[in-house]
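Engineer: The structure under discussion is supplied below as structure tokens; questions concerning it will follow.
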Amino acid sequence: MSEFTCNQEIVTVARRSLTQDVWDYLTGGAEAEMTMRRNRHSIDSYAFIPRVLRDMSSIDPSGTVLGQKVRIPVLLAPIGSLQAIYAGGGASSAKAASRFGTMPIISSITEPSLEDIAGAAEGPKVFQLYVRGDRDWIKAILGRAKSAGYTSLALTVDSAYYGIRERQLMNRWLPPSVQAQTGRHLQSAITWELMDYIRDLWQGSFMLKGVGSVADALMAVERGVDTLYISNHGGRQLDHCLGALDTLAEIAPVVKGRAELIVDGGFLRGTDVIKATALGASSVAIGRLQGWALAAGGEDGLVRCLELIEREIINALGLLGVNNFSQLTPDYIRKTEVVGPTHELSTFYHLKERLT
Ligand SMILES: Cc1cc2nc3c(=O)[nH]c(=O)nc-3n(C[C@H](O)[C@H](O)[C@H](O)COP(=O)(O)O)c2cc1C
């Protein structure tokens, strides 16, 4: 798989490898897919302000996330039913993350079991929780995640209801995790009190996934949450939200460093990662791109995808006049107009013609 030349090529191969049903599950969003398109739009609508005549002979693309050094500040976002996209499921993401040198966030609704995924690869891993039971159920699953060695917990809170994903509806196709699920109504009833309960039970590194407003970011910080994972679930839940990068731009100046910020939604390139970091995120996470890379080339494909993003980061930092992420500030970017059409894959401008 090392012959993939750019991530655009990886997505082209993924499109050919996946059935229409699975492609739509992975690639689609909710309703009019406006949130999903705004994710890309918000990223595309920032321009760089480069600096010159600085010594750029050495560039360090590494980052620090949740106190851990990562080779690049790009985590693997949790993906449910990953086994439908690639047979190895969450274990393949964990192995690829470990080989490359970043952290995977493992969905509580993917296969194989959380223990098998934890055992598949070395290195720090985050366990993502969907609440699917009562307090005893929560206690049991967190106990299992702790014993299996997960280093952090991500509680997803943007999913009181399952988004209305019209591609899936029209295909009459549901992912295995949704077909099998019980206890979903308990997810609809999560409150700040239950969040406190879960965090106290876990007693370790904890993040709230699905923060989408300044008001909730402030409430979380006041309750002592140390990591906010800003996300609209890749536009798969509530439609007509802001693009995730615009949400980060609103939240970061208000949080003022009182919590670590992670963001996802539409991140596909090294330049995208740099924009999020300039706005105050410690890292981004990749959802769909992770799935496409696994579909195109399995674990090797995902490692290659991360290598390509690393190459793009080094190139763009060097051209921007920045040796490492700690030097980045909002002065290096500015909001501007977007050139050309924006859809979820508009950054991969070759894709359409290669597929037709
Ligand atoms: C196929 C698929 C399944 C997902 N499953 C989960 C999940 O189980 N738990 C979760 O918190 N988020 C889930 N998400 C949301 C991702 O973690 C992430 O927020 C989103 O994909 C980021 O946007 P991007 O795909 O544009 O990178 C899923 C996303 C996709 C594409």
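Glycine is treated like the rest: Cβ placed from N, Cα and C.
In TrEMBL, annotation is done automatically, which means it is predicted and not curated.
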Engineer: With Pro78, Ile79, Gly80, Ser107, Gln128, Tyr130, Lys209, Ser231, Arg236, Gly287, Arg288 listed by TrEMBL as FMN-binding, which of these, Thr151, Thr156, Thr182, Thr191, is given for the same site?
Structural biologist: Thr156
Engineer: For the recorded glyoxylate site formed by Tyr25, Arg165, His233, name the remaining residues of the chain with Cβ within 8 Å of the site's Cβ center, in chain order.
Structural biologist: Gly28, Gly29, Ala30, Gly163, Gln168, Gly234, Arg236
Engineer: What three-state class does DSSP give Pro78 (FMN binding site)?
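Structural biologist: The three-state answer is coil.
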Engineer: When you rank Tyr25, Arg165, His233 by Cα distance to Pro78 (FMN binding site), which of the binding-site residues ends up on top as the closest?
Structural biologist: His233
Engineer: Please report the distance from the Cα of Gln128 (FMN binding site) to the Cα of Tyr25 (glyoxylate binding site), rounded to the nearest angstrom.
Structural biologist: 20
Engineer: Rounded to a whole number, how many Å is the Cα of Gly80 (FMN binding site) away from the Cα of Tyr25 (glyoxylate binding site)?
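Structural biologist: Gly80 (FMN binding site) and Tyr25 (glyoxylate binding site) have their Cα atoms 11 Å apart.
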